Amino acid sequence: MASAISLSLLNGATPLKSNSLHKSRLTPLHLRTISCSRLSYSPSSREISLKTQSTVPISCRRSRFDFVPRCGISSNDLPTEKKKSFGEWVEFVGEAVSTAFPIWVSLGCLLGLMRPSTFNWVTPNWTIVGLTITMLGMGMTLTLDDLRGALSMPKELFAGFLLQYSVMPLSAFFVSKLLNLPPHYAAGLILVGCCPGGTASNIVTYIARGNVALSVLMTAASTVSAVIMTPLLTAKLAKQYITVDALGLLMSTLQVVLLPVLAGAFLNQYFKKLVKFVSPVMPPIAVGTVAILCGYAIGQNASAILMSGKQVVLASCLLHISGFLFGYLFSRILGIDVASSRTISIEVGMQNSVLGVVLATQHFGNPLTAVPCAVSSVCHSILGSVLAGIWRRSAPKQLED
């Protein structure tokens, strides 16, 4: 049979040739089932006529349909979907694990509370290595284009940076005073408030229909500047509770934050194939690291948490709720659009709590100081996910348009 085959509709429609089907972009879902008794074939004209009263819907023109004439194959046979490669499956599993971030962190903390011995193998050196790998993975998501993008939205970026290092540190300080927290818990809560934005905020921003590009830029900006801001603000606000080694905090932040982020950005710029190969496994590694570190911090102080844990949970919830609330309100007051205001709210409300765990473990003598940091990781993950679910139901106007 010749390759040019035409379909004639006997209700007066113009015959459609095989190449015109491509132009019309027909799709199998729009074609009705063709009965063999309704087909007629003329050898002289090499034409197949369809005795049907149906017309081709207008919607067919919007979808592509590749018509391949083969004997014994009906018009309703659809091409089989291409199987996913191993790399695609790894990426799919990684995304699923990352999306369930609050669940894994909650399980890690619950395991540390109920069975503290589970995390006896974790050492302070391991916590540094784990956080370094996490920050390296974050750096691999950055490029020079991201840095150029910061120049196109200076207002949003500056507002986010200002709110990040004003709303959260001050909220932590006032919540500590309001609840009259013990010195070690107050210092830990202030440390959390002075930490940069958390990497999980990028995922939550995406779910909330926020400005993901701005989220990445804000996380990067607050993380890099944390080398100065975190030790400075912590020493200023927490000195009345405990002795703070500002220089030690600065060196640790430089080691586990700035250098890995810059190294990751360098790899992404000049070794793209390597980054493309390892990037699918970095998010689940980061999630696992955070869950283990939080479980370790909880396990180290399980008995104390069982006695006064409610107070720490309440303090952490109030801290992050104030971050989400004031981050959004002040952004809107400054005239920032809804999508970017959602992003700033999430960035301000979600902290890099695991950095607080590492810094508290390394530089504060009382291990209870790390407890608010670990509890904070669970609280902001759950609160942020709930907020994202609410916002996802109402898309910002610029996204709807």
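Numbers run from 1 along the shown chain.
Glycine is no exception: its Cβ is also placed from the backbone N, Cα and C atoms.
Here is what Swiss-Prot says about this protein:
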- 1-70: transit peptide (TRANSIT)
- 92-112: transmembrane segment (TRANSMEM)
- 122-142: transmembrane segment (TRANSMEM)
- 156-176: transmembrane segment (TRANSMEM)
- 187-207: transmembrane segment (TRANSMEM)
- 212-232: transmembrane segment (TRANSMEM)
- 247-267: transmembrane segment (TRANSMEM)
- 278-298: transmembrane segment (TRANSMEM)
- 311-331: transmembrane segment (TRANSMEM)
- 371-391: transmembrane segment (TRANSMEM)
Exercise. At an 8 Å Cβ cut-off, counting only pairs 6 or more apart in sequence, do the transmembrane segment (156-176) and the transmembrane segment (371-391) clear the bar of 3 or more pairs?
Worked result: no
For this session: Count the CB pairs under 8 A between the transmembrane segment (371-391) and each of 122-142, 212-232, 247-267, 311-331, then give me the winner.
Result: 311-331
For this session: Answer with yes or no whether the transmembrane segment (311-331) touches the transmembrane segment (92-112) by the criterion of at least three Cβ pairs under 8 A, sequence separation 6 or more.
Result: no
Problem set entry | Leading contact stretch, 247-267, 278-298, 311-331 vs the transmembrane segment (212-232) - CB distance under 8 Å | 247-267
